[in-house]
Amino acid sequence: MLGLHVGTLMISLFLCILLEPVEGSLMQPCQPINQTVSLEKEGCPTCLVIQTPICSGHCFTKELVFKSPFSTVYQHVCTYRDVRYETICLPDCSPWVDPHVTYPVALSCDCSLCNMDTSDCTIESLQPDLCMTQRVLADGMW
């Protein structure tokens, strides 16, 4: 009976090793994709919804089975390699508020460590098109 269990375990392990590259290849690679994003600012009653390229996709990563308090785990994420910034003017802002908002436009992406200065590195962040105020579509959207 033990031989049957060990044999089944070995077959399962073999299939996991064999199919691992297939599973990774079925996932979208790290690349720029068009995403609906909301732009808003305190003092402006309107949330402007635009489409812009962001970085999204799968990055291959490994984690040690045996963890040591002396080892550091580095997780690679899909993040900006080359980026350009664009500025847009929000409508109906209060007179004392600068209506301009600057946002990143992904030109190319890379699997690398998350840079907290330019990226949201949280496990679960807000959706990129979430608005706290009234939504308005930017010209040319849909």
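Glycine residues also receive a Cβ, built from the backbone N, Cα and C atoms like all the rest.
DSSP assigns Cys30 (disulfide bond) to coil, not to a helix or a strand. The number of other Cβ atoms within 10 Å of the Cβ belonging to Cys30 (disulfide bond), over all protein chains shown, comes to 22. What Swiss-Prot lists as disulfide bond is Cys30-Cys78 (among others), and the listing cites similarity to another entry.
Taken from Swiss-Prot, the feature disulfide bond applies to Cys44-Cys93 (among others), supported by similarity to another entry. According to its DSSP assignment, Cys93 (disulfide bond) is coil. Take the CB of Cys93 (disulfide bond) and look out to 10 A: across all protein chains shown you find 18 other CB atoms.
For the recorded site, Cys47 (disulfide bond), the DSSP three-state label reads strand. Here Swiss-Prot flags Cys47-Cys131 (among others) as disulfide bond.
DSSP assigns Cys109 (disulfide bond) to a strand. According to Swiss-Prot, the feature disulfide bond maps to Cys55-Cys109 (among others), an assignment based on similarity to another entry.
The disulfide bond feature in Swiss-Prot is assigned to Cys59-Cys111 (among others); the stated evidence is similarity to another entry.
Look at Swiss-Prot and you will find Cys114-Cys121 (among others) tagged as disulfide bond. Cβ neighbours within 10 Å of Cys114 (disulfide bond), excluding its own Cβ and spanning all shown chains: 16.
Within 10 Å of the C-beta of Asn34 (N-linked glycosylation site) we count 11 further C-beta atoms, all protein chains included. The annotation N-linked glycosylation site is assigned in Swiss-Prot to Asn34.
The signal peptide annotation in Swiss-Prot covers 1-24 and is backed by similarity to another entry.
A separation of roughly 6 Å, to the nearest angstrom, links the Cα atoms of Cys30 (disulfide bond) and Cys109 (disulfide bond).
Counting only residues at least six positions away in the same chain, the Cβ atoms of Cys30, Gln31, Cys55, Ser56, Gly57, His58, Cys59, Cys109, Asp110, Cys111 sit under 8 Å from the Cβ of Cys78 (disulfide bond). Taking only the Cα positions, the spacing between Cys44 (disulfide bond) and Asn34 (N-linked glycosylation site) is 25 angstrom. Taking the C-alpha positions, the distance from Cys114 (disulfide bond) to Asn34 (N-linked glycosylation site) comes to 20 Å.
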